[in-house]
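Among the features that TrEMBL reports, active site is placed at Ser209, Asp355, His385. What TrEMBL lists as domain 'Alpha/beta hydrolase fold-3' is 130-278, 330-388. Residues or ranges marked as transmembrane segment by TrEMBL: 20-43.
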Amino acid sequence: SGMAASLSLLASLTSLLPSLLLPIFAVACCPVLLIFVVLHVPLPENIADRKKLYITELILRITGEYGGELVEMVAGPAWRNYYLRAVMAAGFYLPIPNTTEVEYSWTELAGVATRVLRPADPSIRRDRTIVYIHGGGWATMRPQYYDHALAWLVLRLGCTIFAVDYRLAPEHPYPAAVEDCEAAVTALSKRKLSEYRLTPGHICVMGDSAGGNLSAVISRRLREKKLIKCQVLIYPVTTVFGFSLPSYREYFSECAGSALLNPFSMARWILFYLDIDARAGNVQKLIASEHIPRGSSKVLDGILVRYERLIDKYFPDERLAKLFLSRGLDPDVSPLLAPDLDGCPPTMVLTAGVDVLRDEGRAYARRLAAAGVDVEDKHYPNAYHGILNMPYSKTRKTMKKDIASYLEKNL
């Protein structure tokens, strides 16, 4: 009878199980839901890929931002950057398979390791060369992380892409990255192209973010040699003095606390790049524009006045301002402030509406056009910084088509 009672009880519980599944599942999910509620940061209503971005941003914030803060507290800003490199690397090692239609390899250009992508089928290869310079604040990222993002361009244009693995800050501050990228482009033009059955005169220099900065710098430095046929700058950094522009201020009103590219990360990377102490106090001073050497650049003063952010409202930190007077005003650091942009190759500038770098990118397009350079200025109001690396994004697809169309006409 005891056995029968047990079996009867078990049968009763089993019959109740379907009705209990939902409550059990809800209880199990409570901790996860609580994390999402507590860590939720609103994003702009009109931002592209909003649902996917909520998950991506949350993961980046927990691992990169919160984890980075902890590492910096224990070991300092340089170790925070090493940690961030590892976090970014993990994200790009997710199983997004490279297409077998593209051949991937490595070579050296003037001693600089370079990733090479070209069509696996020789019959579709064309005499078009792109030198790609990756982003990551001059301090993170590697060329191979862009394999998936660049494969479409290789197949669409039949081109060969040389992605430069330049030296990173803070171990190798400015001008290491500029020297590597310039040496790579020069060596490619002089010797390497023939190995790939490519000819000089058909080179586009392309880069995103800090890579857009390096692309603009290299294109300007090499303009008299006529090695570069055109350049494509994707949400580029064009000055280290942009923190008072509206696009930076909008971060605090529309994206505050999110892991989208933020003023704190940009300030830290700029300090690394220029070999200046990147402790939190200096980061805050850059965000407050206390590093701007007053009255030292008519171009800079004009840009700040244009946005009704008069520079005499700020009180500079004399030590920082002195360092930035000698480093930040260098046109090879801030191409936006170059006194002469005439003779630069035809340029496509792509900017994102939800991006702290938006205004300086658009300002650079205007300055190039004023200097007589043929400019295609493409602005995507709902795009965000880093969208080039977001798989299955409709806005990214539009941007890719625009880049391909531009290169089909200009390369």
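Here the Cβ of each residue, glycine as well, is placed from N, Cα and C on the backbone.
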Cα-Cα distance linking Asp355 (active site) and Ser209 (active site), given in Å to the nearest integer: 10
Nonlocal neighbours by CB distance (under 8 Å) for His385 (active site), same chain, sequence gap 6 or more: Ser209, Tyr235, Leu260, Leu261, Ala352, Val354, Asp355, Val356, Leu357
DSSP helix/strand/coil residue counts for the domain 'Alpha/beta hydrolase fold-3' (330-388): 18 helix, 18 strand, 23 coil
Packing count at Asp355 (active site) (other Cβ atoms within 10 Å of its Cβ): 25
Secondary structure tally of the domain 'Alpha/beta hydrolase fold-3' (130-278) (DSSP, helix then strand then coil): 70 helix, 20 strand, 59 coil
Number of Cβ atoms other than its own within 10 Å, given for Ser209 (active site): 28
